Amino acid sequence: MKFVEIRDLQVTYMGKTKPSIVIDKLDIEEGESVLITGRSGSGKSTLVSVINGVIPHLINAEVKGEVRVFGLDIKTTPTSEISRYVGTLLQDPDTQAFNYTVIDEVAFGVENYMVSREEMINRVEESMKICGISHLRDREINTLSGGELQRTVLASVLAMRPKALILDEPTSNIDPQGTREILELVKTFRSEGISLVLVEHKIERVLPFIDRIIVVESGKIAVDIKKDEIIDRADLLHSLGLEIPDYMLFLKKSGFRRIDYEYLRKTYNYKPPSRNEGKGEILFASVKVKTKSGKYLINTKISLKQGTITALMGKNGSGKTTLLKAIVGLIDKKRLIVEEEKVIVNGKDLSKAKLVERGKYLAYLPQFFDVMFIKRTVEDEVKFSMKNRGVYDEMRLGEILRIFSLDAYRTEDPLVLSMGQRRRVAMASVIAGGAKVILMDEPTSGQDWYHRQILGKELLELRNKGYTILVVTHDARFVDRFTDYLLVMSDGKIVLEGKPEEVFSKSLNHGIEPPLEYELGGLIKNEQFS
């Protein structure tokens, strides 16, 4: 039996006249592992929403053609039945968690199946162990980091024992160590015959764990190849906006049809880009935040140079998001104790300043940014940010929308856009506010390589105009290409700092993997790909 059978599919969202996806034929065999990739907004999420029955049952859209999942017609089969066969990990785990504690969340789906208590306990314990969250069992959901939350949601899906899994950007909010663990789980699922659909922008990460690559472009399947054909098709995939590492293009030009790491280590040279030194300190913060039980979540100092882009990396739960929230004044003081929160921006002491006052100097883009949207159109969202800070200008509004490729979406509701598009709306709104120091929590998450490059280039432009930017990210290649300095956090403290190439030479001990180009080019030693 096939996992997925699609014939003559057209999906048109309510209020739209043009189909979002048009697919003549697509088959996925039971037990097959398939990567679905493509630019942000290309139709990937729509396709998987059809496969798991979310469309048309939960999202109102017209579905023409035939779609069968393990022989079930998705048009007539309720999602409650489809979910017994197909489990889904959504791109934003925050939208998938409903319970108070981790163990309650993992048990929730199984409880709805009314299995025996003994069976439920076994499934929950096994799923938490697989996902490495057993130690979080009694933690409140709202205290988890993004990666911890993602593993919790995945455990809740696994506990339902589906025949197939759809993982929508499963590594987007997880640190490199967590990514390896999740992909090892994928390897385990494959060995057990579970059918897999991975939606992922970063092909390099998942290549060892898949059989096939499907590229969606403008709502259609543009490429459908076996994974061994990736070098042969490297130029085409690159032209479609996919992240094809430089060493793969090098192999293509050298006449290779397969990845040969031994050849690369002998012949491939890599030189990191030049960095900006900066013009002196613009931000200094000394922060101490602890739980009511006395455990320090943050106990560190941070300094940023004016006119630089600094990356902040570290394992999930190391304190990166908490540090940013402390700097901008967003710590929940009913839940946590702020022992010290000294913040100086451009010589002005903001330590006792309220949120609105800090907002004149500091702009903040949160990790889960949908909570920022309060207007019904993209244009009004960005305009509101400008007016709220007293910097509204019509020409500047148009410029910002063009910078972030949002001009065509002026009248769209931000919440109906793809995740990557919504993130660009949030970034445009943050930058439009006028502050000269910008703190971004995972702005690369969920973005395709094309838009990550655009983001990086625009951050460079902002840097060259005098802005100072701090970016929390797990994307080492983005850090290498677009940032000037790199900070690494561990257990609430900054433990490494310097230029990316300096820090990458020491970062493996802290769970930070440099881009593979560093190892292949002889800049560092890493046995992972030997």
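In case you wondered, yes, glycine gets a Cβ from its N, Cα and C as well.
Copied over from Swiss-Prot, here are the features:
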BINDING   G38, R39, S40, G41, S42, G43, K44, S45  ATP 1 binding site
BINDING   G314, K315, N316, G317, S318, G319, K320, T321  ATP 2 binding site
DOMAIN    6-243  domain 'ABC transporter 1'
DOMAIN    282-516  domain 'ABC transporter 2'
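Overlay of Swiss-Prot feature records on the structure.
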| residue | record | DSSP (3 states) |
| --- | --- | --- |
| G38 | ATP 1 binding site | coil |
| S45 | ATP 1 binding site | helix |
| G314 | ATP 2 binding site | strand |
| G319 | ATP 2 binding site | coil |
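Apart from the site residues G38, R39, S40, G41, S42, G43, K44, S45, the chain places the Cβ of V216, S418, G420, D448 no farther than 8 Å from the centroid of the site's Cβ atoms, the recorded ATP 1 location. Taking the mean position of the Cβ atoms of G314, K315, N316, G317, S318, G319, K320, T321 as the ATP 2 site, the remaining residues of that chain whose Cβ falls within 8 Å of it are S145, D175, M489.
Between the binding-site residues R39, K44, K315, K44 has the most other Cβ atoms inside 10 Å of its own Cβ, all protein chains included.
The shortest Cα-Cα distance between G41 (ATP 1 binding site) and any of the binding-site residues N316, G317, G319 is the one to N316. Cβ-based crowding with a 10 Å cutoff singles out S42 as the top-ranked of the binding-site residues S42, N316. If you average pLDDT over the domain 'ABC transporter 2' (282-516) in this model, you get 91. Put plainly, the binding-site residues S318, T321 were compared by Cβ crowding within 10 Å, and the winner is S318. Separation of the C-alpha atoms of K315 (ATP 2 binding site) and R39 (ATP 1 binding site): 27 Å, rounded to the nearest whole number.
S40 (ATP 1 binding site) sits 29 Å from S318 (ATP 2 binding site), counting Cα to Cα. Sequence-distant contacts (6 or more apart, same chain, Cβ under 8 Å) of K320 (ATP 2 binding site) comprise L312, M313, G314, D441, V472, M489. Neighbour count (other Cβ atoms within 10 Å of the Cβ, all protein chains): 23 for G43 (ATP 1 binding site).
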